[in-house]
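Participant: Relevant sequence annotations retrieved from Swiss-Prot are reproduced here:
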- E174, R220, H450, R491: L-aspartate binding site (BINDING)
- R220, D221, E222, Q229, E484, G536, I537, D538, R539: ATP binding site (BINDING)
- 198-201: region 'Aspartate' (REGION)
- H31: site 'Important for tRNA non-discrimination' (SITE)
Amino acid sequence: MYRSHTCGELRPAHAGQEVTLAGWVHRRRDHGDLIFIDLRDRYGITQVVFNSANAAAHAVAETVRSEYVLQVRGKVRIRPAEAVNPDIATGEIEVDAFEAQVLNPARTPPIYIAKEAGEDESVRLKYRYLDLRRERMQRNLILRHRVVKFIRDFLDAEGFIEIETPILIKSTPEGARDYLVPSRLHPGKFYALPQSPQQLKQLLMVAGYDKYFQIARCFRDEDQRADRQPEFTQLDMEMSFVDQEDVINLIERLFTELCRTVTPHKRLLTPFRRLTYAEAMERYGSDKPDLRYDLELVNLSDVLAETPFQVFRSVLAVGGQVKGIRVPGCGHFSRKQIDELTEVARSGGAKGLAWAVVPTDGGDVRSSFAKNLAPGEFDALAQRMGAQPGDLLLIVADRPVVVAASLDKLRRKLADLLQLADPDTLCFAWVVDFPLVEWNEEEQRWDAVHHPFTSPKDEDLHLLATDPGKVRAKAYDLILNGYEAGGGSIRIHRRDVQQQVFSLLGIGEEKAQAQFGHMLEAFEYGAPPHGGIAPGIDRLVMILADEPTIREVMAFPKTQQAVDLMTNAPSPVDERQLKELHIRIVED
């Protein structure tokens, strides 16, 4: 028996018992006749005392170093009052060792295990098996386990069936890039790794499995950002005979109970707020706004419709917008700070940032633009924005898409600077009534906002042929603290409607049959009305764990360049393997 107890288990009630522990040497303190070793496993830390009176055990303790794997036998005893450590669960006891054995020595680790030392992330990822020994990483992975377990238990109680869908599927290159897998048995043909089980879960609805879920691994070959990975995990769900409200109500119950159970220290705001897509874009410049703070966008276009200020006037003349954000009490910002905010706005596409400080003493306005306005225009602008003395007003004039992107970035930056977003608050919301399609100016075509299987609203079906841009989708996104937590929709379940949407997206009958023929045929055999959603597990756990990226809540993530530094994947393969797959590498 390697251990009778874990390193986080022993308490004063165990005093006098002989125990066997095994773990890693966390810290070692040599006081000559007494050597103290903090022995660690994933359950906690126990202090072990080696007395020179037990010469053999003491001799072993003299040789061990950090991260040695050690087995110890000894007797539990109560620590002296002055030696109690309130920072660990076992802090009232220690183990007096009478026997010890090194199970495996260890080289000096390239990273500190006992504490965060600010190493470059590349070092942490290269030695991930060491990084995962740290308390922070263990805490994150245990939280992830608890989240997934809660979801499984909740959905099982709701009558859902967990069904695994294939990892090797057909490539349908309509969204992000697929990861392709060559077939040895079928030369020149390829499987794709699933970007999501979307089509398969809809086919399960046709098959009669009316409540399906899966903790699904998904793959997308796309450019990486802080919250993206080439492979990720989502809670994939689908239900038959449901409408939008049925899905929303179930998910709201799931996440409310999940957060209250798994992260009870967090303040969960309920009921979940609800915004239309148009409202979210108008008020926040984003379809995933962080609603823990205000800083709403204010439309000033009508107030400035007749302005003589050429910068605003020229933008409005070509259908642009002028919008602003009021930053309460921040009129004291320095010019350097305002210049930094200007760069943030420019990162969203804005050509610049107009600013003004509302005077506190009835004096002149300090501003980059107010002197160019007509008499009374600044007062009207300030009134529209609800400005108070000492407020800072920030304004962008440009095309609506640029105004939205710039002010969204500005809003998030201000919240960060002013510490407006409480990390212990969870603010979920639903964004609904998305457009079904959006115009792709570069390709001169309509693209699906979500995916081509999203159902149009019944009352907008007649617009598909005449005014597609006005068609609203039966789509709903769950957002959390400024992130998209999950996207869902009611799906198309009739072949004629699906073909009409394919046609709108430029997918002709021949192409539709080649790529989606299995779906179209299935719809002819009694497909029920159905819908679902797919919340991201990685992102949810990232937010619950207060981590900056999903890499901190995944066991073995890739870098932002999609490289596994630990195993050096991707890597070359030998010529024999390529030949078996009928593949030849062609140099650029």
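Each Cβ is built from the backbone N, Cα and C atoms, and glycine gets one as well.
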Participant: Write out the long-range same-chain contacts of I537 (ATP binding site), meaning residues 6 or more apart in sequence whose Cβ is under 8 Å from its Cβ.
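Facilitator: Non-local contacts for I537 (ATP binding site): R144, V147, V148, I215, F232, T233, Q234, L235.
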Participant: With DSSP, how much of the region 'Aspartate' (198-201) is helix, how much strand and how much coil, in residues?
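Facilitator: Output for the region 'Aspartate' (198-201) reads 4 helix, 0 strand, 0 coil.
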Participant: Averaged over the region 'Aspartate' (198-201), what pLDDT does the prediction give?
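Facilitator: The predicted confidence over the region 'Aspartate' (198-201), as a mean pLDDT, is 96.
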Participant: Compute the C-alpha separation of R220 (L-aspartate binding site) from E484 (ATP binding site), stating it in Å without decimals.
Facilitator: 17
Participant: With a 10 Å radius around each C-beta, find which of these recorded positions (H31, R220, R491, R539) has the fewest other C-beta atoms nearby.
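Facilitator: Looking at the recorded positions H31, R220, R491, R539, the Cβ with the fewest others within 10 Å is that of H31.
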Participant: Given that the record lists R220, D221, E222, Q229, E484, G536, I537, D538, R539 as binding ATP, what is the largest C-alpha to C-alpha distance among them, in Å?
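Facilitator: That value is 19 Å for the farthest Cα pair.
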Participant: Indicate whether E222 (ATP binding site) is helix, strand or coil by DSSP.
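Facilitator: For E222 (ATP binding site) - judged by DSSP and reduced to three states - the answer is coil.
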Participant: Considering only the recorded positions H31, H450, R491, which residue has the minimal Cα-Cα separation from E484 (ATP binding site)?
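Facilitator: Going through H31, H450, R491 one by one, the Cα closest to that of E484 (ATP binding site) is H450.
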Participant: Express the distance between the Cα positions of R539 (ATP binding site) and H31 (site 'Important for tRNA non-discrimination') as a whole number of Å.
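Facilitator: The separation of the Cα atoms works out to 47 Å.
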